[in-house]
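S.K.: Quick one: the structure is below, questions incoming.
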Ligand code: KIV
Ligand code: NA
């Protein structure tokens, strides 16, 4: 069954929601066939697949390109796409145009936007235009140059209060879900209980309405640093390396082709 923002909303309180990143048709198909609820074309494509150090260099054109590939897999999972660095902070017409490209041209079914309560007015207008918005609070990796480092959020009461206020404002603006990244588990739990929309966590403890991971982390495909909160559920990297090695040896030994 096709997942929509409507069916997703009904899962809150019923069972945990499962989300994962996907940047191409193959991975979108595997994830969707496994029963994942949401595939996110994250701007993590920049550091995960494209060799950038952060998500900041990722452009709207890049997200459109990868989202179109995911959409061509026709996944049952909801297709969400990240609005890249800076794009959500232009005048509304330009923000709408970016979302229009993601939904019309690329085939996204929802967009994800980093930002707290200050993004609420923009999000309310996008929702009014028919753009389902997944709001992203806690650690916002697009802020890396301003933050100086990736850090955990909600670890003091002022930060916890402001996260809760963000969540409430974004729900009120009409966001269909929240993503909460690298945030104190008790705060994430409190936010999940305080809003009616699903809260999907990453590095935010077990008591959210769902979880998301970067697919290369959970499949053992990330070559470098893997965050401590990620769990590896398969070692696809080792299998791929074994496959390439077997092919190389077979060709060199004139065993392939037979
Ligand atoms: O781009 C991304 O991978 C994200 C994560 C929080 C899932 O936004
Ligand atoms: Na992202």
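Cβ atoms are placed via backbone N, Cα and C, with glycine included.
Since the structure is predicted, the reported quantities are computational estimates derived from the model, not experimental observations.
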S.K.: Quick one: which of 82, 91, 161 does TrEMBL put in the Mg(2+) site with 43, 114?
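M.R.: So the Mg(2+) site in TrEMBL includes 43, 114 plus, from the candidates 82, 91, 161, 82.
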S.K.: Let's check the environment of residue 112 (3-methyl-2-oxobutanoate binding site): how many other CB atoms sit within 10 Å of its CB?
M.R.: 27
S.K.: When you measure from the Cβ of residue 44 (3-methyl-2-oxobutanoate binding site), how many other Cβ atoms are you left with inside 10 Å?
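M.R.: Step by step: centre on the Cβ of residue 44 (3-methyl-2-oxobutanoate binding site), count other Cβ atoms within 10 Å, giving 22.
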S.K.: If we count other C-beta atoms within 10 Å, could you say which of the recorded positions 43, 82, 181 has the fewest?
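M.R.: Each of the recorded positions 43, 82, 181 was scored by Cβ atoms within 10 Å; lowest is 181.
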S.K.: Using the Cβ center of 43, 82, 114 as the Mg(2+) site position, which other residues in that chain lie within 8 Å, going by their Cβ?
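M.R.: Apart from 43, 82, 114, the close residues are 42, 44, 55, 58, 83, 84, 85, 112, 113, 136, 141, 142.
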